[in-house]
Amino acid sequence: MPEDVRVLVPVAILSGQVIPEPLIRFLSRGTIVVLAYHEIPEQTAPEQAREQFEPKAHEELADLVETIESLGGTAETRLVFTHESEQTIERVATEADCDVVLLSNPAQSVERLIVPVKEHISVDRIATVVSALSQDPSIDITLFHVATDESGVADGEDLLGDVSDELVVRGVQRDNLSRMVTVSSTPLQAIVDAADHHDVIVMGEEEPTLRGRLFGETSERVAERTLSPVLVVRNPTEPDEEQ
Amino acid sequence: MSEDQNRVGEVSSESPGTPVSPDPAVDVGTTADEVTVLESGTELERTIDLRGGLAIGVGTMVGAGIFVFPGLAAGNAGPAASVSFAIGAVIALLVALPTSELATAMPKSGGGYYFISRGMGASFGAVVGIGLWLGLVFASAFYLVGFAQYAMAVFAEVGIPVASLGSLPLIPILGVGFGILLTGLSVFGTENTTKLQNGIVSLLLGILVVFLLYGSLDTLGLFGRETVPEQFMPYGTLNIFTTAALVFTSYLGFAQVATVAGEITKPSRNLPLAMVGSVLVVGVLYVITIVVSTGAFGSARLATFGETAIVEVARSYLGFPGAVAILIAGLLATASSANASILSSSRALYALSRDAIVPPRLGRVNLKYGTPHIALGLVGGPTVVLVAVGRTEVLAEVASFLHLVTYGLMCVALIVLRRSNPAWYNPTFTVPGYPVVPILGALASFGLVVFMQPLSQAIGVAVAVAAAVWYLGYARDVRLKGVKTDA
């Protein structure tokens, strides 16, 4: 049995942001934590905005939860009024013990996953998340590695082999897995190019600092430069908190 | 999640006259380090850290004490103006400590108004809240006039012949123009400016520390300078106190930290540190500024330079580059003080509207920009009117008058709350030296008002009376939960 995976889905409520239904259906294999946030400028006290917008925000949030449930998912919800959405996303991701944070982009369908893997990234965490969300045989998974020169190709293939084995152990069909190692001096661009042929990107966090690893990092820049949603697999906040 | 819950009531104005529930537990939520969680489950993020809190306090205050007052203060009190600034700092500290306690017990938007209305009832609250709104309007106007004077000094420095336009009242025109610009930016600007504000304050402090350090060493004779010999108190003791009353506007910033108490992270630690810390920082800078300034020119000559005297002081110590640096700093400081005051004033109006002491629609936020446009307009409008008609000293003193009344009443409110000790009153910071500190704070605040010009006192009293009349006419039926009503 795959472990339960908790996915944080930040939604800019009251601004018309839509989470695509295929994506919701895909994420519904885990538990969805909807973080509805409303970002307000500093001229305004959060409580001031709250008084005025809370009912409308609750309404929109209820609609979203209904959609998630109608697609077979379970959702927890948080509603936050904030000056800084990034700080809020970090805080709630930690408090709600989420394994993955969604950087949303439109998605027509979710059938092809790409999982860029690099050294020093928690293979175990990525395998847990990918296997929990992709038991479905209709989902193809590309494990992807960028080597900066030819000498790194063999190591990259080994790395992807490890990830692949981990996934198979966790119940993913080997037929659905493919591996790809590319040589490029611009890894970010290589990921963006490869992501063109995929629907969803799953990648790990990099930096040990909360702010650094969630934002302004490769994952965020990838999300800005592709049309696909990015799922950022969080590192454990404190190693001994995890089983 | 910390245990320091605060359970202060909200207004129950929808059915005036009905008895108030003795239980003040209305939805004001639970305070944690980075968030307030309301009972409805909705969360309000806290996003201003200690550095941001200090930047609000220091950024609001430095505009006046260094960049507007040295010439005026030295003209009134001589080198002893440094004592006047020190008196101001002591009074501000005596008030900042009780304010810190109140703010950690009630980390909500609204600051002084909120504390006094919960401690002493809606009538005092209304007078204070309206007084704070208008007090900050006067303060904003004062800073805008200061800004315009720096803009003029810049024109003079780059050689634009403003004197040839002598018939035009350029200072009011510049002040009004910039006031409208700032208000417009507050309404339509959705970019968060915290980082900009932090950066400006750091830059200002950097410029000032370099300038004052060099100036102090030079004044002490290290670089062979001879200070202008002068009697310390050429104008007598009384003038020290009247000058203290005049320059107290330089300390109207620490309480602004309390107006954003609901947004400060780790409030029980950061609120007291930000308030006390910002008073200490600016107090030290002010005293040194006066010593350095009077050392450079002697107070009589310094006074002839008027509001931008500090530019000439910088020129005498550091030459043209020093003058340019201080001119830039002066523009930034007065602009940031004006901006901070306009925003605080709109918070005060919001707090009043939340309790229905003014029509609730004044606190409305527009969905498109997310800003309280009506409240900001009600601050910016009167401000530019005052810029057009006001004189620096009177604007400053009226602002101080209205704040000092609030400060005194906050000290009283603290004593009232300590004595009645309602169940919700659980401050996580307690004022040292209770009851001496709040009693001294109240006496000093009310006492300083006595030393102001009669015109300023008259305007201040008129505003307070008008606020009381408004309360009696419009809001007498308002009952605040969490407040013992004797009706």
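The backbone N, Cα and C atoms fix where each Cβ goes, and this holds for glycine too.
Among the features that TrEMBL reports, region 'Disordered' is placed at B:1-29. TrEMBL lists B:54-74, B:80-99, B:120-145, B:165-188, B:200-217, B:237-261, B:273-297, B:317-338, B:374-392, B:398-417, B:429-451, B:457-474 with the feature transmembrane segment.
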Counting only residues at least 6 beyond its ends, the same-chain positions whose CB falls under 8 A of a CB in the transmembrane segment (B:237-261) are 48, 53, 56-61, 64-65, 69, 72-73, 76-78, 80-81, 83-85, 87-89, 91-92, 95-96, 99, 102-103, 106-112, 115, 135, 139, 142, 267, 271, 274-276, 278-279, 282-283, 286, 337, 340-341, 344, 347-348, 393, 396-397, 399-400, 403-404, 406-407, 410, 448-452
Residues outside the transmembrane segment (B:374-392) whose C-beta sits under 8 Å from one of its C-beta atoms, at least 6 past its ends, are 68, 72, 133-134, 136-138, 140-142, 144-146, 148, 172, 175-176, 179-180, 182-183, 186-187, 307, 342, 345-346, 349-350, 353, 361-364
Test the contact criterion for the transmembrane segment (B:80-99) and the transmembrane segment (B:273-297): 3 or more CB pairs under 8 Å, pairs 6 or more apart in sequence, then answer yes or no. yes
Outside the transmembrane segment (B:120-145), at least 6 residues beyond either end, the same-chain residues with a Cβ under 8 Å of its Cβ set are 63-64, 68, 110-114, 171-172, 175-176, 178-179, 182, 249, 252, 307, 334-335, 337-338, 341-342, 344-345, 348-349, 351-352, 355, 357-358, 378-379, 382-384, 386-387, 390, 392, 395-396, 398-399, 401-403, 405-406, 409, 412-413, 416, 463-464, 466-468, 470-471, 475, 478-480, 483-485
Is the transmembrane segment (B:317-338) in contact with the transmembrane segment (B:398-417), using at least 3 Cβ pairs under 8 Å (sequence separation of 6 or more) as the test?
no
